[in-house]
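The block underneath contains the structure these notes are about, expressed in structure tokens.
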Amino acid sequence: MSMAATDRSRSEAAKQRRQDQLQRWLGSETDRTGPDGRETSSGSGTRRAKVRFAQGAVFMAACSAGDREEVAALLRQGADINHANIDGLTALHQACIDENAEMVQFLVESGSDVNRGDNEGWTPLHAAASCGFIQISKYLIEHGAHVGAVNSEGQLPLDVATEDAMERLLKGEIKKQGIDVDKARKEEERIMLQDAMAVLAGSGTLTPHPNTKATALHVAAAKGYIEVLKVLLQCGIDVDSRDIDGWTALHAAAHWGQEEVCTLLADHMCDMSAVNNVGQTPLDVADENLVDTLEELQKKQNAVSLHSKQAALSCVVR
């Protein structure tokens, strides 16, 4: 396959994955959390969280409306320029998506983080690149945006670019900066393996994502990071831990077509019948190419469970 064909294929896959991610958020229960990721269902903490959320919402709304005077006033009053909504999008992300070049410039000059990732690791440059906004992308790069930044799928802004002119711009910057794109795409996996090894050695900790509640196991499962997964399982991490939507690591692996991960999780006796918040099992959300595999793994797991019960019963009888 040619380099151009590979890039097109990667871009198409990126767009489809993004659609899947956004679709999943539409049915999530993330409206139960405040900007700090805590639930806002009761107590005095609810009022504080709602106040913070209201301030952030007002700031985001002012930015979306292009009202620079209001935005400036809110910043003087202490508004957080890097406030993110429940999906992790900041005002700068939104300005890039809206192709509001004036607001992009205003926010960057006011101190907005040009490399802040949303919940899926998309930076403002990823957003601008995927929309084909050349001038905004150039401006971001000129002001420190990393062309080698990867999202949670290991994709660079180049990988999600859909316009030829955008691809030329990003490829030119990558060459100019001497970035090893293959190394950049694998950076997240390297860091995760390093962190997992630290936990195994007793010198590190693992913290779920503050908004999605996804654990390192979810991430490794979804992306097929086998070595990371093996170390995490050695750490004794809960194989059936759930994110905010009730998805287990097996849900994630099944959905993203990670066959080897599914096998590994099944071998560690994960709950293959676990249901998420809308009653779906891993089989229900699985890639169609994995349905037969999951059914076979379920049969194998059932056989192992039956054998274990029979062995235990035999010991009792004796």
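Just so you know, glycine gets a Cβ as well, placed from its N, Cα and C.
As written in TrEMBL, here are the features:
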type	residues	note
REGION	1-47	region 'Disordered'
COMPBIAS	7-21	compositional bias 'Basic and acidic residues'
COMPBIAS	29-39	compositional bias 'Basic and acidic residues'
REPEAT	87-119	repeat 'ANK'
REPEAT	120-152	repeat 'ANK'
REPEAT	212-244	repeat 'ANK'
REPEAT	245-277	repeat 'ANK'
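For the repeat 'ANK' (120-152), the model gives a mean pLDDT of 95. Summarised by DSSP class, the composition of the repeat 'ANK' (245-277) is 16 helix, 0 strand, 17 coil.
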